[in-house]
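Here is what TrEMBL records for this protein:
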- Cys86: active site, nucleophile (ACT_SITE)
- His176: active site (ACT_SITE)
- Glu178: active site (ACT_SITE)
- Ser230, Gly231, Gly232, Val233, Asp234, Ser235, Ala236: ATP binding site (BINDING)
- 203-395: domain 'GMPS ATP-PPase' (DOMAIN)
Amino acid sequence: MAEQIHADRILILDFGSQVTQLIARRLRESGVYCEIIPFNADEARIRAFKPKGVILSGGPASVLDKDAPLPTPAVYELGVPVFGICYGQQAMCLQLGGKVEPGETREFGRAFVDMREASTIAQGDWKPGERQQVWMSHGDRVTALPPGFKVVGNSEGAPYAFVTDEKRKLYGVQFHPEVVHTPHGAELYRAFTHDICGCKGDWTMAAYKTQAIEKLRQQIGKGRVICGLSGGVDSAVTAVLLHEAIGSQLTCIFVDTGMMRAGEADEVVTLFRDHYNIPLVHVDAGKQFLDKLAGVTDPETKRKTIGGLFIDVFDAEASKLGGADFLAQGTLYPDVIESVSFTGGPSVTIKSHHNVGGLPARMKLKLVEPLRELFKDEVRALGRELGLPDVFVGRHPFPGPGLAIRIPGDITFEKLEILRKADRIYLEEIRNAGLYDAIWQAFAVLLPVKTVGVMGDGRTYDNVCALRAVTSTDGMTADYFPFSHEFLGRAATRIINEVRGINRVVYDITSKPPGTIEWE
Ligand SMILES: Nc1ncnc2c1ncn2[C@@H]1O[C@H](COP(=O)(O)OP(=O)(O)OP(=O)(O)O)[C@@H](O)[C@H]1O
Ligand SMILES: O=c1[nH]c(=O)c2[nH+]cn([C@@H]3O[C@H](COP(=O)(O)O)[C@@H](O)[C@H]3O)c2[nH]1
Ligand SMILES: NC(=O)CC[C@H](N)C(=O)O
Ligand SMILES: [Mg+2]
C-alpha cells in the first residue's frame with residue numbers, strides 16, 4: 001500500500017462495476033485522494049489504510065446469489081462514514097438487516113429520483129422537493145430497510161433509491177452518481193467526502209507527481225529499468241516520470257512492430273531524441289511480428305500474440321543491455337478495467353489490451369506501471385505538470401497492437417500498406433481542416449469485405465475502408481465525431497482515388513458503448 005503522504009484518504013471497495021474508477025475520478029476531481037481495492041479486503045487491510053470514509057461500488061453480481069461478494073461487516077463498525085452505490089447499497093442494506101429482492105422491472109439508463117426528506121449528503125440540487133435525473137443499471141432492489149435507516153428519495157422502479165442512516169453516517173443510492181448521466185451526481189460525492197468525512201480537498205496532480213516519484217524510487221531501488229516507449233502520451237509521461245525518479249537507471253525501447261502508421265517510427269524516435277536526453281533503443285521487429293501473426297484472425301488471439309511478442313522483444317533487448325530488473329509501461333486504468341477487473345475484483349473481460357491481459361505468464365521482468373490508476377486526461381495533466389511539450393501531450397492515442405486490430409481478419413504486408421495509405425490521407429485531411437485537437441482519436445479500418453465499383457468505366461472489386469473518429473475524455477465512453485458531409489466526401493474521394501485496393505469508404509457512427517473505439 002502507498003506510503004501515507006496524504007492524510008485525507010477515502011477507500012473504495014470494488015465489487016466489479018465497469019464504472020468503479022469513475023467514482024475515484026469524481027473524488028479526485030474534487031481534490032480528494034482515494035484508492036480502489038477489492039471488495040474482499042480484510043479488516044486489517046482496511047484499517048491500515050486509515051480511510052476517512054468508505055465507498056462500496058456497484059457490481060455485476062446479485063446479493064441474492066449464493067457466494068455473493070460481500071464486504072467484511074467490519075466496514076460498518078470502523079466509525080467512518082460509508083456510502084453504498086447500487087450493488088454497494090444492496091449489500092449494505094442486506095448485511096445490516098434489510099431485504100433485497102429481484103425487481104419486477106429492471107431499470108437501465110435514465111430515471112428520475114424525487115427527493116422526499118432532508119439528509120446531510122443531499123444538499124443543493126438534492127434538497128427535498130427536487131427531482132433529479134439519475135442513471136440506473138440494476139435488476140435487484142432494496143425492499144425493506146435495516147433498522148435506523150430512512151428513505152430520502154425514490155424513483156419509479158426503486159422505492160428505496162436513496163436511503164440514509166444519519167446517526168451511523170451510512171448512505172446508499174440505487175443509482176450511479178459517478179456517471180455523467182447523473183448530472184448532479186458529483187455533488188453527492190462532494191458532500192460525502194468534504195462535509196461528512198471532513199476531507200479538505202487539497203490533493204492535486206502536483207501532489208500525485210511527488211507521490212508517484214517517491215513510490216517509484218521505493219519500488220525500483222537500485223534496479224535497472226527498461227521502458228516501452230511508443231510515442232504515445234502514456235509512455236512518454238511514464239518515461240519522463242521515471243527519469244525524474246531514477247535518472248540513468250532507465251533505458252527506453254521503441255518497438256517497430258511493422259504495424260505502425262506511415263512514417264511513425266522515424267517520427268517518434270526523432271521527436272523523443274530531440275526533446276530528451278534519455279537513452280532510446282529502436283528495435284525493428286516488423287518481420288518477427290508479421291511472421292507470428294500470419295493466418296491469425298481471432299481478435300483475442302491477435303492481441304495475446306502481440307502481447308507475447310512485445311515481451312520477447314523486451315526480454316531480448318534487456319539481455320543485450322546486460323540485464324534489467326523492471327519493465328515500465330504506460331498502462332492506464334482503461335487498459336486495465338476492460339482486460340481484468342481492477343485490483344482483482346469480479347468484472348467481465350471485454351478485450352485483452354496487449355500490455356495487460358495480453359501479457360504472457362512467463363514474463364521475467366517485473367512490471368512498473370506508474371499510471372495504472374489514472375485516466376487519460378489525468379495523464380495529460382501529469383504530462384503538463386512534468387513539462388512535456390504539447391506534441392506529446394496532445395497526441396491521439398495509438399494502440400500497442402497498432403494496425404493489426406484495424407484489419408479484421410488476417411494481416412498481410414499488402415493490407416498494411418493499403419491501410420497506411422488510407423490512414424495517412426484521412427489524418428492529413430483532419431489536420432488540414434483544423435480538427436485534430438477537437439477529436440480524441442481518428443483512424444481508418446480496412447474491412448475484409450470486397451464490393452463492386454466502377455472506376456474509369458471499368459469494373460473494380462476491392463476492399464471497403466471504414467473511417468472512425470470519436471470524441472471522449474478518457475476512452476471509457478465515446479461518441480462519433482460529427483464531421484460535415486463535405487469533409488467526409490472529400491476524405492472519401494481522396495482515399496478512393498489515391499489508394500489502390502479501396503473502392504468504397506464508409507463512416508462509423510457507433511458510440512461507445514455499445515461499440516468500442518477500435519474494431520477488434
Ligand atoms: N511500439 C511500442 N514500443 C514500445 N512499447 C510500446 C509500443 N506500443 C506500446 N508500448 C507499450 O505499451 C503501453 C501501452 O500502450 P498504449 O498505446 O496504451 O499507450 P501509449 O502508446 O503510451 O499512449 P497512447 O495511448 O496515447 O497511444 C505503452 O505505454 C508502452 O509502454
Ligand atoms: O495500448 C493499447 N493496447 C491495446 O491492446 C489497446 N486496445 C485498445 N486500445 C486503445 O484504448 C482505447 C479504448 O479502446 P477500445 O474502446 O477499443 O477498447 C482506444 O484509445 C484504443 O486505441 C489499446 N491500447
Ligand atoms: N449496477 C449494479 O451495481 C447492479 C447491482 C446488481 N447486479 C443489480 O442488478 O441490481
Ligand atoms: Mg499507444
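Just so you know, the numbers here start at 1 and follow the chain as drawn.
Cβ coordinates come from backbone N, Cα and C, glycine included.
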>> Given Cys86, Gly232, Asp234 as the recorded positions, which ones have a Cβ positioned under 6 Å from some atom of ligand 3?
In response: Cys86
> Which of these recorded positions has the least crowded Cβ, counting other Cβ atoms within 10 Å: Cys86, Val233, Ala236?
Replying inline: Val233
> Checking the recorded positions His176, Glu178, Gly232, Ala236, which are within 10 Å of Cys86 (active site, nucleophile) at the Cα level?
Replying inline: His176
> Looking only at Cβ atoms, how many others are within 10 Å of the one on Ser230 (ATP binding site)?
Replying inline: 26
> At the Cα level, what's the spacing in Å between Gly231 (ATP binding site) and His176 (active site), rounded?
Replying inline: 36
> His176 (active site) has how many other Cβ neighbours within 10 Å of its own Cβ?
Replying inline: 22
> Other than Ser230, Gly231, Gly232, Val233, Asp234, Ser235, Ala236, which residues of the chain come within 8 Å of the ATP site, judged by Cβ distance to the Cβ centroid of those residues?
Replying inline: Leu229, Val237, Thr238, Gly330, Phe392, Arg395, Phe398
> What does DSSP call Glu178 (active site) in the simple three-state scheme?
Replying inline: coil
> Among the recorded positions Cys86, Glu178, Asp234, which have a Cβ atom lying under 6 Å from any atom of ligand 1?
Replying inline: Asp234
>> Can you give me the same-chain residues 6 or more apart in sequence from Gly232 (ATP binding site) with a CB-CB distance under 8 Å?
In response: Gly330, Arg395, Pro397, Phe398
>> Can you tell me the CA-to-CA distance separating Glu178 (active site) and Ser235 (ATP binding site), as a whole number of Å?
In response: 28
